[in-house]
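Input: a single structure, listed below in structure tokens.
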Amino acid sequence: MVSALMEYIPDTIANMMAGHASPSHSTQVLAAFSLAGLVRLLLVMGLINGVSAALDTLCSQAFGAMRFAMMWMFCQAGLLLYGMALPALCLVLWTSGAGLELLGQNADIARTAGHVLAITTVALPFAIIYTVMKSGLQAQNIALPFVLCDLASFVVSTSAAYVLAFKFGLGYMGVALAAPTSWLVKSLVLVPFLLRNSAFCQAWPGWQLREALVLVPKIWKLGASGVLMVTFQTLGFAILTFMAGLLPSASTAISACGIFSALVVILSMPLLGFCVAGAVRIGNALGAGDARRAATIARIVLTATTIVSAIDAVLLATVSGTFARSYTSNTATIAMVSRLGQNLVPLMPLISFTFGLQAVLRGCGKQFLCAQLNFVCLFVLGAPVGALFALHQQLGLLGLWYGNLVGLTVFLIIGLAWFHRLSWDDMAQLAQRNAHLRSPAVAEDMPSDAC
């Protein structure tokens, strides 16, 4: 949970710095950083987290089945898949400024966001390397190294952003350089933990990229579903900011939506970390053929997330105004964020249940079903209803978020029905088949001399 929270805090502080780096244009800069953050979530983190969800599922199931060498072959296949997508992703980021203008965003805001996203391309190789290493270790229920990586990257990247922005006078561009620095530090710090890992030392099969290529279709099938799962979920929230740009006082609406979204994410991060750990343990249990233990873990995850979300709901209603002041001194933006927090208390319990159910789906390898639910509930249903409330009912930004609440409520109903009908024995059999896939390089798990 600490690791999940620490992954998001540096971006939040960077956005705060960006708002203060150019005080006279803070609203415009914050709007640009919000748009850039959404594009990163949709394109960069959508791909990285989507494929990572597939790796987490397959690696945790392989580890539960004691197929350690196969687990590392899945990691190599994931690395190949990331590499195939990297050139196209870089091209999209370099041209994102023009793309945002075509989508109807303010020209100045779109150009600023494009500059920030161009810098993001430097971070991509390090983000990919870190994510693959993390999947291999996380499947073994290892978490402490990620906390240390996040702490180290937080100190280094935040310090670098401050010096570049305020001491060297680079402004928001200096703040944007914090992202590549953060991923570089994370990758460097995690390498020693991987090299000393017992499962790595005992079962690393060596670099077998040609053989790993055989596993890429399996990773791609599950990874594509994972990408859709993450992308549709992100799109369900990202569309709120894009639609906010079409409301009166677009800069204020976008800034308020971005700040409120940041608060929601921060409050959700501890629960998200708990859910990721739950998904890994569900995968371990299914890989070992223990359907009863997997079902018990799933119930614990859903119950715990729902209970803890009550605290998040109270915080959302009480600290939203104070949180907004840390970003900007613009009174209209602060008032808008405060109004959202006071009127959207049910949001946190609904989001928490969504995370809990997604953990169960990820552990079972049902990312495509989750993608379908996210698309229908958040995008097809939530966005149009939000537009209806915002434009026809004259509720503005609050109306957009009301539409999101409607979509999450439908997700809750459908998700509970699916969970009630789930056959854990079938999930265990599927997981064991995944863990015993044949690769030319790994006929059986034999000790290696990796260490």
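A Cβ is built for glycine as well, from the same backbone N, Cα and C atoms used for every other residue.
Going by TrEMBL, these are the annotated features:
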type     : residues : note
TRANSMEM : 29-48    : transmembrane segment
TRANSMEM : 69-94    : transmembrane segment
TRANSMEM : 114-132  : transmembrane segment
TRANSMEM : 144-165  : transmembrane segment
TRANSMEM : 171-195  : transmembrane segment
TRANSMEM : 227-247  : transmembrane segment
TRANSMEM : 253-280  : transmembrane segment
TRANSMEM : 300-324  : transmembrane segment
TRANSMEM : 344-361  : transmembrane segment
TRANSMEM : 373-392  : transmembrane segment
TRANSMEM : 398-419  : transmembrane segment
(request) Can you tell me which of 29-48, 253-280, 300-324, 373-392 gets the most C-beta pairs within less than 8 Å of the transmembrane segment (398-419)? (result) 373-392
(message) Under 8 angstroms for C-beta pairs, at least 3 of them, ignoring pairs fewer than 6 apart in sequence. Is the transmembrane segment (227-247) in contact with the transmembrane segment (144-165) by that rule?
(response) no
(message) Does the transmembrane segment (344-361) come close to the transmembrane segment (253-280), meaning at least 3 CB pairs under 8 Å for residues 6 or more apart?
(response) yes
(message) Six or more residues beyond either end and a Cβ under 8 Å away: which residues meet both conditions relative to the transmembrane segment (373-392)?
(response) 228-229, 232-233, 235-237, 239-240, 243, 247, 398-408, 410-411, 414-415
(message) Can you work out which residues elsewhere in the same chain, 6+ from the ends of the transmembrane segment (344-361), have a Cβ less than 8 Å from its Cβ atoms?
(response) 229, 233, 264, 267-268, 271-272, 275-276, 278-279, 282, 298, 301-302, 304-306, 308-310, 312-314, 316-317, 367, 369-370, 398, 401, 404-405, 408-409, 411-412, 415, 419, 422
